[in-house]
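Q: One structure, pasted below without further comment.
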Amino acid sequence: WIYQLGLCVFSTALLYGCLALFTSILHNVFLLYYVETFVSVYKIDKISFWVGETVFLIWNSLNDPLFGWLSDRAFLSSPQVGSQITSPEVVLKRLQALSRNGPLFALSFLAFWVAWARPGLQFLLCLCLYDGFLTIVDLNHSALLADLAVSASDRTRLNFHCSVFSALGSISVFLSYSFWDKEDFFSFRLFCVTLAAFSTLGFVLVSQLLRRRFESEVRMRQDEALILKELSVGHAPLTQAEKPVTIGEYLRQLSKHRNFLWFVSMNLVQVFHCHFNNNFFPLFLEHLLSDSISASTGSILLGISYIAPHVNNLYFLTLCQRYGVYHVIRWLFMLKLGLSVAMLLAGADHIYLLCIFIASNRVFTEGTCKLLKLVISDLVDEDFVLNRRHQAASALLFGMVALVTKPGQTFAPLIGTWLLCVYAGYDIFEREPVKDSLVAVPAVASGAGTPPLRLGCFYMLVFVPITCALLQLTAWSRFTLHGRKLQGIKTQRQGTQHGHLIDVKAI
């Protein structure tokens with residue numbers, strides 16, 4: 001009766017958004033503390049850290065298309081034209097994957113916070129295990145956005161609920177600051193166990209609710225198909241089986257998909273910038289603001305930087321409905337560039353401006369990331385139309401996007417630590433100044449009075465977003481899937497799959 005009550009009370013969009021909550025409460029904590037845990041608590045050495053990140057780079061890039069191919073290879077071509085796989089069946093398959101792998105994802109999250117092996121080995125295994133389950137969960141959840149709806153308004157509504165629940169998930173960042181203590185790790189471990197238990201329970205309950213809803217939809221479609229088959233209506237017994245699409249053929253199709261290529265070029269830079277902010281946000285707080293703001297102010301600033309992107313995204317989504325996703329993303333890139341140049345001109349001594357810039361830089365960067373799933377869903381539609389598919393291979397396309405863009409996640413800490421050594425004279429592994437840094441000698445010789453580490457952090461803070469914004473504006477200007485072209489693609493997909501799509505509002 002609990003499931004029946006849930007089916008009556010909660011809409012599909014609401015339940016879809018809930019799944020984002022159970023991922024975000026864990027992933028936000030992971031992003032904020034995994035590097036600091038292994039460097040400061042487990043005392044991992046530099047070589048093991050770099051080896052682990054390099055192996056993680058390879059695995060992180062390959063597992064998305066691997067899991068996407070395993071999930072969607074059956075959708076690339078249908079055995080017979082008259083036996084297409086319907087959207088409710090695709091959705092049901094994705095929900096089954098979420099109900100199985102969601103709890104395993106929560107369990108892999110816990111493996112970070114207890115020392116059970118040598119730091120180098122544990123770092124490598126934990127990263128690969130965690131990212132494997134995260135990939136399966138994220139691929140299936142993201143693919144549902146393209147499978148549940150085609151129209152921009154319905155997808156925006158689904159994404160709206162994701163933003164609301166992702167914002168709620170950011171509360172874990174506020175709470176984590178109260179439990180985090182490098183000297184006494186016990187309280188933080190209990191906190192992580194509580195988060196994992198809540199996430200596990202949520203994945204099981206919500207996925208079961210959605211599965212029951214779509215199982216009835218599938219049974220109804222199957223009954224209709226059986227009646228038509230008995231009446232020999234729409235049945236083509238002489239239709240020959242089509243040749244399955246191989247991975248090589250699929251890659252050749254993608255290589256000719258120009259909008260896909262320009263999008264992943266832009267998104268690679270975006271993923272790098274998002275994870276750069278995540279990895280070095282505490283460092284910027286410590287060396288740029290710690291002498292001027294209290295610990296409680298730092299905690300509030302940290303929490304705002306995690307929850308504001310989700311809240312702000314609710315406003316961005318309303319702009320997307322009015323002006324289109326393409327134009328809103330372009331405006332965000334221009335805003336990032338303008339704010340960074342203004343901060344560079346103002347200098348490192350304006351504390352309040354620094355506070356606003358550090359928070360807003362992360363808010364607008366993460367806000368852009370939240371909108372990109374809508375663009376990938378549009379690319380799914382274009383791929384479906386251009387290659388005349390019988391069923392959109394949404395998880396596979398999300399996986400191929402990740403193949404190209406996920407390396408940015410690993411490049412962020414590697415390039416960031418290198419920049420700290422070169423420009424700030426600071427090695428996070430040695431915790432002491434590095435000789436021959438580019439900032440240390442000129443700054444001291446000039447008598448500027450600004451410590452080299454603080455000046456180096458400031459330059460990293462402003463030049464990274466400036467560089468990223470310029471690269472992204474260049475790539476985004478070549479992306480053409482917007483306006484009338486996008487509307488034409490959606491009309492063609494809806495016409496081709498008429499009768500096989502789900503009406504989100506009707507469920």
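Heads up, the Cβ atoms here are built off N, Cα and C, so glycines get one too.
Sharing the record's features from TrEMBL:
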TRANSMEM  13-35  transmembrane segment
TRANSMEM  122-146  transmembrane segment
TRANSMEM  158-180  transmembrane segment
TRANSMEM  186-210  transmembrane segment
TRANSMEM  260-281  transmembrane segment
TRANSMEM  293-316  transmembrane segment
TRANSMEM  337-359  transmembrane segment
TRANSMEM  458-476  transmembrane segment
Q: Is the transmembrane segment (158-180) in contact with the transmembrane segment (13-35), using at least 3 Cβ pairs under 8 Å (sequence separation of 6 or more) as the test?
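A: In contact, yes.
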Q: Select the range from 122-146, 186-210, 337-359 that forms the most Cβ-Cβ pairs under 8 Å with the transmembrane segment (158-180).
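A: Comparing 122-146, 186-210, 337-359: 186-210 has the most Cβ pairs near the transmembrane segment (158-180).
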Q: Could you check whether the transmembrane segment (458-476) and the transmembrane segment (186-210) come into contact, where contact means at least 3 Cβ pairs under 8 Å with the two residues of each pair 6 or more apart in sequence?
A: no
Q: Give the nonlocal contacts of the transmembrane segment (337-359) in its own chain as ranges (CB under 8 Å, at least six residues past its ends).
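A: Distant Cβ neighbours of the transmembrane segment (337-359) are 281, 284-285, 288-289, 292-293, 301, 304-305, 308, 450, 454-455, 458, 461-463, 465-466, 469-470, 473.
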Q: Who are the long-range neighbours of the transmembrane segment (122-146) in its own chain, taking Cβ under 8 Å and residues 6 or more past its ends?
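A: Result: 16, 19-20, 23, 27, 30, 34, 38, 42, 44, 48-49, 51-53, 55-56, 59-60, 63-64, 67-68, 71-72, 91, 94-95, 97-98, 101-102, 104-105, 108-109, 111-112, 115-116, 155, 158-159, 373-374, 376-377, 380-381, 392, 394-395, 398-399, 402.
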